[in-house]
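Read through the structure below, which is laid out as structure tokens, and then see the notes.
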Amino acid sequence: MASSPTVLMRLVASAYSIAQKAGMIVRRVIAEGDLGIIEKTCATDLQTKADRLVQASICSSLARKFPKLTIIGEEDLPPEDVDQELIEDGQWEEILKQPCPSQYSAIKEEDLVVWVDPLDGTKEYTEGLLDNVTVLIGIAYEGKAIAGVINQPYYNYQAGPDAVLGRTIWGILGLGAFGFQLKEVPAGKHIITTTRSHNSQLVTDCVTAMNPDDVLRVGGAGNKIIQLIEGKASAYVFASPGCKKWDTCAPEVILHAVGGKLTDIHGNALQYNKEVKHMNSAGVLATLRNYDYYASRVPQSVKNALVP
């Protein structure tokens with residue numbers, strides 16, 4: 001008789017279904033026409049009705065099924081009764097059929113920290129750049145990102161009015177990453193993806209030092225990691241504080257599960273335990289291949305300016 005699924009596999013299977021519901025909420029808010037935009041700290045730091053509803057949906061759905069989890073969400077929302085229609089209690093059965101990597105088979109619920117970005121690329125969402133938008137659910141154990149789910153609510157939206165929208169990518173270290181076709185940038189090409197709305201002299205200096213053939217300025221950390229795994233960019237360079245743990249946790253897993261690497265600008269691994277500060281204050285450097293080439297080109301002046 002097959003043994004029952006481990007805590008980690010049940011959590012990822014639930015997060016998959018919860019992320020799909022999140023994508024539906026994101027699309028519904030736009031369809032209804034009222035984004036409910038508020039400024040958090042400045043004109044580029046926005047929150048919409050979709051951010052609020054999705055965070056309530058994800059966090060409440062996870063907490064009901066896994067009450068001992070630590071869940072850290074981007075939005076600072078007051079506790080409230082969540083509408084039952086926002087709760088997703090399904091789980092994706094395909095994930096439950098997969099074997100749990102042995103190093104994670106004995107993990108207990110209370111050992112896990114979940115980092116939630118309900119809508120990564122909010123500014124782009126408000127401007128109609130819908131392919132930049134992702135929903136991110138990252139799972140960490142002993143400070144390390146080990147499993148992640150990314151939903152792209154508007155994947156395929158440029159394929160016409162009859163297109164089926166949205167897809168969900170998921171991955172677990174030691175098992176793999178699924179839901180997309182892995183591609184690589186042609187050999188010898190250096191295409192950098194970096195921030196669209198948080199540019200600075202440090203970012204410019206670091207990107208220029210990479211001697212890129214092309215620079216893609218887009219929104220969302222999740223979107224940038226997807227560009228790496230789909231062969232649109234060879235490195236994600238963000239030499240600035242600003243990116244947070246909920247931006248990087250899930251995407252880092254997907255990238256690492258296919259042999260890529262994500263660190264801060266100094267080459268340090270990011271930490272995801274529950275006490276850690278939320279800001280990735282020493283920036284982000286990520287590649288699918290040839291990490292050392294890009295790491296070696298980060299200017300010392302940039303490293304000196306970004307303190308871990």
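Just so you know, the numbers here start at 1 and follow the chain as drawn.
Glycine is no exception: its Cβ is also placed from the backbone N, Cα and C atoms.
Cβ neighbours of Asp247 (Mg(2+) binding site) (same chain, under 8 Å, six or more residues apart in sequence): Asp117, Asp120, Leu136, Ala221, Gly222, Asn280. Residues or ranges marked as Mg(2+) binding site by TrEMBL: Glu74, Asp117, Leu119, Asp120, Asp247.
The least crowded of the binding-site residues Glu74, Asp117, Asp120, judged by other CB atoms within 10 A of its own CB, is Glu74. Over all protein chains present, the Cβ of Leu119 (Mg(2+) binding site) has 30 other Cβ atoms lying within 10 Å. Same-chain neighbours of the Mg(2+) site beyond Glu74, Asp117, Leu119, Asp120, Asp247, judged by a C-beta within 8 angstroms of the site's C-beta center, are, in sequence order, Val116, Pro118, Gly121, Thr122, Thr134, Val135, Leu136, Gly220, Ala221, Gly222, Lys244, Trp246.
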